[in-house]
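First comes the structure, then the notes that go with it.
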Amino acid sequence: MEFMQGQRLETTVAVAVAVVAVAAGAAYLVRSRKPRGCLDPENFREFKLVEKRQLSHNVAKFKFALPTPTSVLGLPIGQHISCRGQDAAGEEVIKPYTPTTLDSDLGRFELVIKMYPQGRMSHHFREMKVGDYMSVKGPKYRPGQVRAFGMIAGGSGITPMFQVTRAILENPEDNTKVYLIYANVTYDDILLKEELDSMAKNYPDRFKIYYVLNQPPEIWDGGVGFVSKEMIQAHCPAPATDIQVLRCGPPPMNKAMAAHLDELGYTKEMQFQF
């Protein structure tokens, strides 16, 4: 009798241990399963502004709510989101920003924005009120997203182009080709020239760059004047569903390039403005 009771006790303990182990394993799987991010790299999604706090006379923190308290934004570290708004003239403007929050910050993301008096996107942020929605898309680039990028940059607009190009070229599993037109006023205005030339030399089959100067030196083998439709035709991939042309420069240049691209047959889906 004592033997039977001992067996039943051992069985009960074993079952209890097994139940605890299964429960612990299930809990671990739930905790370790990475939540799906809220961002869409192709389409803008709306996020509600739930808090706006002024940090200084021209800097404010904007807190946006995600769909649920446990949602994550899903943005890889070091990448940007693209925010869409309207400038003072009512024209659409899209600009990249890096959140100050991580995916460990559930249910929200935050942006710290410096608002410039003449900034086009600064106007949109300045006018935003709690309860308004921000259109957000991202991340900007995923390996293999397109077959080729055309890039048209002016002045300091080279910065996001440089970041995307580096991400592509330094990834041995990414075969995307990059064709960059970089415009400036003078030779001395060319930013990151040493780095750009180095990438063109090290990745000759994947990266091509064409410099354009409005006031070139006497000896110059690049483009002269403003970026033209003919330059785009010669130095960017032709319109296709698997290419995209990125542009970033002063507002007049962006407007002119958008008009050129439209006339050359690049659809809105094939274009992106930083």
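Cβ from N, Cα, C; glycine included.
Feature annotation from TrEMBL assigns transmembrane segment to 12-30.
Residues belonging to the domain 'FAD-binding FR-type' (42-146) score a mean pLDDT of 88 in the model. The domain 'FAD-binding FR-type' annotation in TrEMBL covers 42-146.
Here TrEMBL flags P96, Y97, V112, K114, M121, S122, T159 as FAD binding site. Around M121 (FAD binding site), the C-beta neighbours below 8 angstroms that are at least 6 residues distant in the chain are C83, G85, D87, V93, K95.
Neighbours of V112 (FAD binding site), defined as other CB atoms within 10 A of its CB across all chains, total 14.
Taking Cβ-Cβ distances under 8 Å and a sequence gap of 6 or more within the same chain, the neighbours of K114 (FAD binding site) are N58, V59, S122. Working note on the binding-site residues S122, T159: by count of other C-beta atoms within 10 Å of each C-beta, S122 ranks first. Across the domain 'FAD-binding FR-type' (42-146), the DSSP tally of helix, strand and coil residues reads 8 helix, 42 strand, 55 coil. All chains included, 17 other C-beta atoms sit within 10 angstroms of the C-beta of Y97 (FAD binding site). Residue density at P96 (FAD binding site): 19 other Cβ atoms are found within 10 A of its Cβ, drawing on all protein chains shown.
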